[in-house]
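What follows is a set of notes on a single structure, which appears directly below.
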Amino acid sequence: MSTPASAAPAALVRVPAGTTAGTAVREAGYPSKGPDVVVVVRDAEGQLKDLSWVPDTDVEVEPVAANTDDGRSVIRHSAAHVLAQAVQQEFPEAKLGIGPPIKDGFYYDFAVDRPFTPEDLASLEKRMKKIIKGSQRFSRRVVESLEDARAELAKEPFKLELIDDKSGIDDPEIMEVGGNELTIYDNLDPRTGEKVWGDLCRGPHIPTTKHIPAFKLTRSSAAYWRGNQDNADLQRIYGTAWESAEAQDQHLELLAEAERRDHRKLGSELDLFSFPDELGSGLPVFHPRGGIIRTEMEDYSRKRHVEEGYEFVNTPHITKGHLYEVSGHLDWYRDGMFPAMHIDEELNEDGTVRKPGQDYYLKPMNCPMHNLIFRSRGRSYRELPLRLFEFGSVYRYEKSGVVHGLTRVRGMTQDDAHIYCTREQMRDELATTLQFVLGLLKDYGLDDFYLELSTKNPDKFVGDDAVWEEATATLAEVAESSGLNLVPDPGGAAFYGPKISVQVQDALGRTWQMSTIQLDFNLPERFDLEYTANDGTKQRPVMIHRALFGSIERFFGVLTEHYAGAFPAWLAPVQVVGIPVAETFADHLFDVVKRLKAAGVRAEVDASDDRMQKKIFNNTAQKVPFMLLAGARDVEAGAVSFRFRDGTQVNGVPVDDAVRIVTEWIGRRENASPTAELLQPGKEG
């Protein structure tokens, strides 16, 4: 299952001076309706223009169809205008915030007297459909002066603020202003040409509201004006819009499946983890069943790291603030850290300070502490590459509005390692690390990757430009040699060095950032790290930061959604459950389970008072990969019957064969769910 595909770029069309772009597109034979109808054009400078645009000179433009990313974005922006018109018709007191297109949809913010209800959304959808059916025309109008704009929008305080801040706004979600002109888009009655409604907007827009063939309002929520909690409280309505009903249905099906797979929902249903209010936002606890999965993940990771030559270390959760002054985190990452704890201060009886205290911080990253381990004694080139690894707990102050389940938390455990090597070893270490990353992800059934190269943020970095350029070029070379698609991420690097991140697609086609590999020449300098080279000179090591899971919590959440809670048998908290047809046959299954447990399998017998069919239903809902049933014939034959997650069943399997099948399947770390097919001759091993 994936999102609808986008059409390929169209051939260029010549637009004569004095002719509308829409006329030229029609005369070139492009479709006038359907999902590939042209909704805007792109000029030679890459700017999107309305079809009503009339160039002063002959130009060539690229038609942009509705079923492209840009086409959908324009449709969604226009749908946001239709939503705003509907809201102001139903709630005349509503004041307009902003209404941009976003990934797969749009939203609009409003100042209203109360939150929107589901009934409000249903009523607004009906009004929007009426507006769309009326085929209102979007008409761009340049406002001659700031004074004229202020006068026209005098009753819209948020729009007035945008007008006043016009020159200082750099936010892609603010569509109201931009460029050298102030423009308003009027919605015109197609019969009379009279203005029905209008909004401050830089555009572009579709020709008419009838170019919105499919839309749906999805939800509402609270919001802050311009995302700042110190600003006015607003109400936000989200929606989605597409080039066809079929594309929208496909998207809504994807959303419904994503909701069914939501790891927060499954975490509760499968008793894996929870988020107690008593602990605070972004601080999960893992229950016994979730703890089993987490332990399996960590144990397998340790095994693989030993095979790759890593050495295990452990560091504390808090440190004196000076450490993060040296590393630069307090200068460049303070907003992502929890506030300082001022401790160890001693006072005299009169309240004066006898012994000054010190600021301690929860660690946001492990790298400074690993540097102290490297620096704890002299190092020789013979020790390099030195690969230090730990499951390090770190704490980051994420704003409450962005905390989300396990995928965005405030306390997390990283499978974190730092590699110290010579410059001569650097490229091979990077290449080896990248292959290690990809191999480990494949071991968990994630094998659809691309790479992202995050480069220097010119406003937030330490070190020399030349050093950054060398590090970036080296990472790019290693990434390109992997054969994977490489996507640039300008300005996305941490302050101390560029990074490669592995982007993974899950079963629904969604992209998740997983592993990161960062090259760092700067922290070794700041910590004065040295090793003795083979010629006796002191040299700086190169430092490579890498986390393969990213964090245990995030990886756990992604895996939960990827497998919809039906974890591979080797990860499943309960791998086998015995279900007797009647209580009389339970002892037979207890004997089988005893053998499985002795072989290291997590097995149990469902000894509840429920009837057999209810037990099958319950354990299927708990997504147990192997259910072993036993009735009179099974007991008599020394056999069991297999039942699988998909409902398939194989009867009368001898117990010795059943134990072998289960243990071999788990031992091979198969990621697919077992089915009846695996018991066919030649399939089970």
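Here the Cβ of each residue, glycine as well, is placed from N, Cα and C on the backbone.
For the Zn(2+) site, Swiss-Prot lists Cys367, His418; matching the candidates His211, His251, His545, His562 against that entry yields His545. Taken through DSSP, the domain 'TGS' (1-65) splits into 7 helix, 17 strand, 41 coil. For the binding-site residues His418, His545, the largest tally of other C-beta atoms within 10 A is found at His418. Listed in chain order, the residues near the Zn(2+) site other than Cys367, His418, His545 are Met365, Asn366, His370, Asn371, Asp416, Ala417, Gln518, Asp520, Leu523, Met543, Ile544, Arg546, each with its Cβ within 8 Å of the site Cβ centroid. Reduced to three states, the DSSP call for His545 (Zn(2+) binding site) is strand. Taking a C-beta cut-off of under 8 Å and a sequence gap of six or more, Cys367 (Zn(2+) binding site) has these contacts in its own chain: Ser327, Asp416, His418, Asp520, Leu523, Met543, His545.
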